[in-house]
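Only one structure is covered here, and it is reproduced in the block below.
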Amino acid sequence: MPSSTRKGVPKDPELADLFFKDDPEDVFCDLHEIGHGSFGAVYFARNSYSNEVVAIKKMSYNGKQTTEKWQDIIKEVKFLGQLRHPNTIEYKGCYLKDNTAWSFGVSRSSPLYQFLPPVHKKPLQEMEIAAITHGALLGLAYLHSHNMIHRDVKAGNILLTELGQVKLADFGSASIASPANSFVGTPYWMAPEVILAMDEGQYEGKVDIWSLGITCIELAERKPPLFNMNAMSALYHIAQNDSPTLQSNEWSDPFRSFVDYCLLKIPQDRPSSGELLRHDFVRRERSPRILLDLIQRTKDAVRELDNLQYRKMKKILYQEKHNGPMGESQEEEEVGGRGRERGKASCKMNSLGSNHSIPSTSVSTGSQSSSVNSMQEVLDDSCSDMTATHPQDYSSTLESSPHTKKVNVKRGGGRRAEVASFFGGEARYILINRCMFFFSHLLTSLPPQVTKQIHEHEQESELREQMSGYKRMRRQHQKQLIALENKLKAEMDEHRLKLQKEVETQANNAYIELEKLAKRHAVHSEKEMKTALTDEKKFQQQIVAQQKKELTTFLDNQKKQYKLCKEKIKEEMNEDHSTPKKEKQERLSKHKENMQHSQAEEEAQLLAQQRVFYDRNCRAFKRKVMIKRHDLEQEQIREELNKKKTQKEMEHAMLIRHDESMQELEYRQLKILQKLRMDLIRLQHQTELENQIEYNNRRERELHRKHVLELRQQPKNLKALELQIKKQFQDTCKVQTKQYKALRHHQMEVTPKAEHKTVLKALKDEQTRKLAILAEQYEQSINEMMASQALRLDEAQEAECQALRQQLQQEMELLNAYQSKIKMQTEAQHEREQQKLEQKVSLRRAHLEQKIEEELVSIQKERTDRIKHLLERQEREIDSFDMESMRLGFCNLGVSCSPRPHPASVFTAAGSLSQTHLDAKKKTTTKNNNKRLQNRVQCVFWAGRT
């Protein structure tokens, strides 16, 4: 076992699990190349351990864009590892060897293009196309059900196994995710939304439905639509013109309906693979052996072509052997003429060999590069049957070719014979090596396809590099747009997070301020409550002290009054001498008792009045304290509500500022994105124009080289025609000479001998004159032929130049129309984005203003409700207090406390209140409780408003 540290093995464990660690050159042998393209090459091979025949796709990831190629290989290997369906290729694994990936799978199949001309002179039958389409749809339905997209459906990527089973292959362009937006695929089979992916957005699996419709036309008409057009021009045509249709009227309505259904321009109207499986075209009854019969018919056609080519080659070699050097030039011309005729016929056929079923990165240059000489296509095909059907003739052929030589192909044990065209009558080389394995019915037709693919790959490298560069540019533009969108999205998210943090900070600060205000209010209320209790105690003590003083004064006055009354009675009794002393004593005692009783009653009355005064004033003082507390609550709630209103106004101002900031950022980002998009479109259009100009110059150079070659070949062709005319002249001269001899012999017999000399001279002069006239006629014929041929060549070349100029002008006009359409669509898209953003901004601003208005109304309603509830609660407290006071016998406490004096003034007026209470009750007026409540609500409300 080779070491896992061998060059090419990835170090990442996850990626290393995707590849086997064996050496693929030890595992596989007898490699036989069957396909070639810009991606690399495809081989048939045999497993050295199991003798199983496999197909190997070699993909190199060195050189330019190494990282991109490696990522494509990783993506394809992962994609293949997920496939588990009868209608997809059976993937076995992948090896790495010297910066080349060997992806292999079980293969007893061939691509569909090998069942098309030149093997068959007619296109496939409709039932055969239906069977192939049904198998491809099953595979696509499996892919689409797993959100996968093939993105390169065409005849070259649909395989037909030896048992007649259809399989999808070549998932190098596939996408694991749906929807996607990459510019990938083969130009002629691309759906419009893939071409416009960068301009119009993402696409889904219905792009495979479009490619399947194009493949149906390819199978029916032997080439896809627009195949005679430049690949770049075909892209522009597909993007802006109507969908293609089947040209011939021989196809049935279900088939035409199926193709039209697949090629609906709008992706949303296009059916899914599941819907197409229910279409009448694929559900029609057909023979289960329809594809097996196609395979057998192809085997017979290949064998017939081999035999035909064998007979032609045998005839050419036989003529070369017997004609010798003198016939070389003529045979060369005949062989070249036949080759040119077959080349022209093949040009007209535009056969769908590997020439147009090319890999997705290769591009056909049109009919000039798509045609292959049918002679060249089938020369190699004859070799496998030569030794089996004509061994003796073939051995003699080898003996007659002294310049025959063998060519060994590296790892090409399965490489079969390649017979070159003949120049100068000599067979330059003949290569014969019997193939020992793989798909026998198409075995003989594969190597010429490979040879032609390699030849096209070399000839079209410049155009393919141009298309590859165009695809890379489109992908790079897509990456730039995605990177910019991600950057702008991150910037927007960061800005939004910043604004959100600012809002949260402001909300937290507002909450903290309200908490501080509430604590401050609570502390202030508690302080006021303690102060009120202290004032109440001082007020009670002051009243008690005043009443004690009044009681002392009252008792002193009673004592003085008692002494005065006692002395006055004594004086009166002393003046009354008539009354007995005892009686006087009794009278004095009785009067003394009456005075003491009266003074006791007055003292009790005074104490009762003082008690009532004390209780009333204490009650009134409590009421004043309660009213003062109510005023404090009103002041605090006004401060709290004003604070909330101020915070809400600050919040609204901040939200408006945030909205303006967000609006500015959105407009700036949209402008940046649109500017980049327009810059990329301008760069794309410039590149497309440069590519078109380069393509036009290349076509003109190719046509010029072709005309130069024709001019160089013209003398040779004219020489051959001149030799042919001279030969006719010589033959005519021989005939006339014979006629002259016969006439001379006849004249000699009928003319006397004396006149023989005169007759012979006359006949000789007549012969000379006629031969001179004939020579002059033939010379004139040669001159006229040369002039007409030169004129015809000039006219043909001028016609070709004119046709090419018209074609290139049409393609340039098509490019300009496409670019104008793309530019108009982009500008319309930008206008829609601008209008959408303006609508979004205006709607968001309207919602914000509506939210601000609703919050202002809500906070005003909260303010009114809280003030109302506070005043109602306070009014209930006052009413409850007043009712309790009335129950205790105190009325009109509200009048007494209506001035609401300061506690200090209450304290100084306590004594006078007791005096005035003893003298008389003041006249007071009361107001209605509801009126007072209304006035207080209005006062608090307007105080809060100010």
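Just so it is clear, glycine is given a Cβ too, placed from its N, Cα and C backbone atoms.
Looking up the ranges 10-67, 126-183, 764-821 in TrEMBL, the one annotated as coiled coil turns out to be 764-821. Among the ranges 197-250, 467-520, the stretch that TrEMBL annotates as coiled coil is 467-520.
In the three-state DSSP reading, Lys58 (ATP binding site) counts as strand. If you take every residue in the domain 'Protein kinase' (28-282) and average the pLDDT, you get 83.
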